[in-house]
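Report on one structure; see the data block that follows.
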Protein chains: 2
Amino acid sequence: MTLPYGKRTMTKNNLILGMALTDGYGNLRGAWRAPNVDPSNYVNIEANIRYAQAAERGKFAFLFTPDFPAVRADVERAPISNIIEPLISLTAISQATSRIGFVATGSTTFQEPFNQARQFKALDVLSHGRAGWNAVTTSDPAVAANYGRPVAERTERYQRAHESIQIVQALWGSWEKEAWIKDQASGRFADPSKLKPINLQGEYVASRGPLPIPPSEQGQPVIFTSGGPSPHLLSIAGRYASGFISEVWTIEEARAQRAMVRRAAEEAGRDPDEIKYIVGLMTTVAPSVREGLDRRIAIAGDTLTAQVPHLAAMLGVQLQHSQLDQPLTPEQLAAAQASPMDPRSGPALEVARQGWTVRDILAHGVIDYHPVTVGPAEVHADHLQEWFEAGAADGFWLSPDVYEDGVDAFVDHVVPLLQERGIYPTEYPGRTLRENLGVPELYGLDPRVTSGEDS
Amino acid sequence: MTLPYGKRTMTKNNLILGMALTDGYGNLRGAWRAPNVDPSNYVNIEANIRYAQAAERGKFAFLFTPDFPAVRADVERAPISNIIEPLISLTAISQATSRIGFVATGSTTFQEPFNQARQFKALDVLSHGRAGWNAVTTSDPAVAANYGRPVAERTERYQRAHESIQIVQALWGSWEKEAWIKDQASGRFADPSKLKPINLQGEYVASRGPLPIPPSEQGQPVIFTSGGPSPHLLSIAGRYASGFISEVWTIEEARAQRAMVRRAAEEAGRDPDEIKYIVGLMTTVAPSVREGLDRRIAIAGDTLTAQVPHLAAMLGVQLQHSQLDQPLTPEQLAAAQASPMDPRSGPALEVARQGWTVRDILAHGVIDYHPVTVGPAEVHADHLQEWFEAGAADGFWLSPDVYEDGVDAFVDHVVPLLQERGIYPTEYPGRTLRENLGVPELYGLDPRVTSGEDS
Ligand SMILES: Cc1cc2nc3c(=O)[nH]c(=O)nc-3n(C[C@H](O)[C@H](O)[C@H](O)COP(=O)(O)O)c2cc1C
Ligand SMILES: Cc1cc2nc3c(=O)[nH]c(=O)nc-3n(C[C@H](O)[C@H](O)[C@H](O)COP(=O)(O)O)c2cc1C
C-alpha cells in the first residue's frame, strides 16, 4: 500500500465531461423511432462504439453506464432502458478507443467482491488505465427478484457496501506496485512478499486474496458512487469515491450537495478536490431554440403532451389539453407557483414566464430526469459555464437526445465553444482516467481512510 | 421455448479444433522466459489477440479459457497460470476476430446465475453468436477462500450447478425468438407475451427474470462442461452440455469416456451427436522430432530433468540423474512396467522403448496434463487423425508450447495437412459457434430434458 499520491493535473481548463451510454437510442422518449435511428441499436455494439468514438473526439473523460438489471419499462411501447451489460459492452468499446474512460455501474448487493475486483481490474489493465466503478447498493425490487431475494434493509445494504468496497480496493492493492519482477534471465517471476493475501472478513462478504492482476497504468480503477446525499451514501462517497454522480435541477441544490460531498471527503481525511461532483444534463443541439423544440416535438410528441396534468400540478394551475398551443394566460402566470414538492417546478415556471406555449414548455424537457438544454451551442455552453463557475459542479454527465446525431452535434458545436472560453481542455490531460479526471493514483486502500466498518 | 432444432453442419470434414488461452506465454514450463517472448504478455491483450487471430486463420472453432481464480503456482518462479479474467479478455478478443468462438469457464458455485446469464449472453450478442459457457463446479479451496467460504460438499455443488444452469438457460430463453417487434411506425417495441418471467426457485439459487437481452444469431451460448466422468458430472453433461472438455492420455480411455458422455446425453433424451467430446493435446511443431525435443529442452530444461524420479516411478525402474543422456539399458527396458496408477505410464513406456535418452523421453512431455506431440506436421496430424477416426474424440483443444510462434507453426504446417487428408474444414462451416461445432440452435431450456432438479 505504498504511494497513495501520484501526479495530478489541475489547470483552469478542467471542466469534466462524461457521457451516459444507455439503450443505444438516446434519452429523448421515442428516440428509438427517430427516422435516422436503427431500431436494433439496443444490441448493436457497433453503434455504441460510434457514439464512444464521437465522445472521445470531444475529449470526454468517461462513458457512464447506469444499471438496473431488470425489465423495467413498458416494454411494449418503450425500450428496456439500459445497456445490455455494462462491463462486457464497455470492454468491447475499449478496443475501439484509446483515451476515454469507462465508469461502469456495479451493485455491491448482488455481486461477489472477488468477481467485481477481478473484472474491473481486468478492464483497467486491458484498457491501459481507463476503468472506473460506480458502486451502488441497488434498491430496486425488480432487480432483487432477479437474484431471488427481497430488497434488504438500507442499513444492511450499506454495511455490505462498505465491506465490498474495502475488499475490492484491498484486492486491487494486493498485487503491489513492485511485485512483478518478470526477469527472464534469473527466472524470478514475482516477489511473493509483495503479492499477499488480504484476509478480510466482513459480516456479509469476505475474501482471502490476493488478486492475481498487476496494477494498471493508473494503479487501480476509479471509484464513483451515485445517488441522493443521504448520510449512508455520503459515508461511502467520502471514504472511497473519486467521483459522485448526481441528479439535481438547480444550481442552488447542486452547490449544497457538492459542499456536502466535499465535506464528507474532508471528514474521511481526504482532500475535497479528490472527489469530483458530476451533475446530469440532457441536451438537444440545434441551429436555434425553435428548431431544437421542433426536433423534440417530432420525436417525443405524444409522450410530451401526456405530461400536461403533471405540469399543471407543478405550477399549481389548471391546464387544458386545448391550451397546448397557447402560452399560459396572464391570469395563469400570476397564479402560478413553483411546487415545493418537485425541484423541477422552479425551472419550469421560468420557462413558462418566457411566454412559450404549453407544448413548447414541455418540449423544453421541464419534466425529465435532469436539466435539459435545447438550442444552439451557446445555450449549452452557457449552462455548463454558469454551473461550473458557480461551484455547482466539477463536471457533467451528458445524455444526448438521440445518440445517432446528438453526440456529434455536441462535440462539433458545443465543445469548441467551451474550449474557446478556456474552461475545457483542448487535448486529453493524460492517458488514464485518473489523469483525465484530475484525481490521484491509488494502490490498494487509501491509508488516510479509517478501515473500520461503518453501519 | 420454440424451435429447439436448427440447421446442422455434419460433413466428413468435421474434426473440431479449439485452443486454450491460458497465461499469455504457453503451456511449456518456462515459456515466459523463451527468447522471443515478452514477459509482460500475461497482461497484454494485444498478444492474446494475435494468438486468437492466428487460430482463426486456422479455422479453429473456439478459444477455451480454463479458470481457477486464485494465485496457485509458485509465483516466485512461474507465472500465475490463467488468463486474467475469461469473459473480459474474450470480449476484447471478440472485437478483433469474426468467426472463432469463445468458451469461457464460469463457476456455478461462485457466481450468481443472473449475472452469468447476462454476461454470457451479452458476449454472445455482441460477438454475433460466438459465445460458450464451460460450466464447472470449482472445487479448489484456494478459489473458495477468495469468496470467503470453504469448499462445499460435492452433492451441494452439483445441486447448485443443476439449478444454476437451468436458471441460466431459462433466462437465455426468456426473451423468445419473436419477442422483439421494434416497429418504428407503430411504436411497438416488444411483445410482452414473449418476454416473460421464469420464476425459478431452487434450493441454492433463484431468479424471476426475464433477462432483457434478445437471442443472438445462434439463439443462446453453447454450454460446455469439463472434468472426469463422475456420475455427477455426467448428469450435467448429458442434460445440458453441447461440448465436453476432457483430459485423457490414451485412445482407449478416451473412447470409453466419450461413450459414457454420449450415453448420458441419450439417457437425457438427446441425440448423442449433439455433444462433442473434446480431448486435450499439447503441441511442439518443429522441422523434425529432434529439433522439437531440443526446443523443449532449451525452454523447459531444469523443470524436465526434475521429473526423473517421477518417470522412474511410472516405469517401475531405478533411474539415476547420471543416466540423463543415456537411453534405458536393455535390463531396465525388460524390467519396466507401466504403472497402473498413472494413465501416462503406458505412453511413456512406448517412448522409452523407442530408444530415446532419459532427457529426451521427458522432453516428449510424457509427464504432462495431456498427451504431447513433438515434431513435424505429420506427427501431429497422425495423432489427431488416429484419435478422431478411432472414435476417441470429436475434436481437440490444443495447448501450444509457446503461443508466440507455436500457434502460427500449427496453423501453417499442421492445418493444411489435416485439410488435405479431408478430415478438417477448409472454411468455417458457418458464422456462429453452434454452426462451427455442428450442434443445433437452442432457445431456452431443451424441452426434451426433464426439468426436475437432480442431486
Ligand atoms: C444519477 C443517478 C444515477 C444512479 N444510477 C444507479 C444505477 O445505475 N444503478 C443503481 O442501482 N443505482 C443507481 N443510483 C443510485 C440509487 O438510486 C440509490 O440507491 C438511491 O439514490 C439511494 O437510495 P438508498 O439510499 O436507499 O440506496 C443512481 C442514482 C442517481 C442519482
Ligand atoms: C480438462 C479439464 C479442464 C477443467 N477446467 C476447469 C476450470 O477451468 N476450472 C474449474 O474450476 N474446473 C475445471 N475442471 C473441472 C474440475 O477439475 C472438476 O471439478 C473435477 O474434474 C471434478 O471434480 P468434482 O466432481 O469434485 O467437481 C476441468 C477439468 C478438466 C478435466
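Placed from the backbone N, Cα and C atoms, the Cβ positions cover glycine too.
All annotation found in TrEMBL is predicted automatically rather than curated by experts.
For B:40-392, the entry in TrEMBL reads domain 'Luciferase-like'.
According to its DSSP assignment, B:T105 (FMN binding site) is in a strand. Using a 10 Å radius centred on the Cβ of B:T105 (FMN binding site) and all shown protein chains, the other Cβ atoms total 24. Residues annotated as FMN binding site in TrEMBL: B:D67, B:T105, B:Y158, B:S230.
Around the Cβ of B:D67 (FMN binding site), 20 further Cβ atoms fall within 10 Å across all displayed protein chains. Among the binding-site residues B:Y158, B:S230, the residue whose Cβ has the fewest other Cβ atoms within 10 Å is B:S230.
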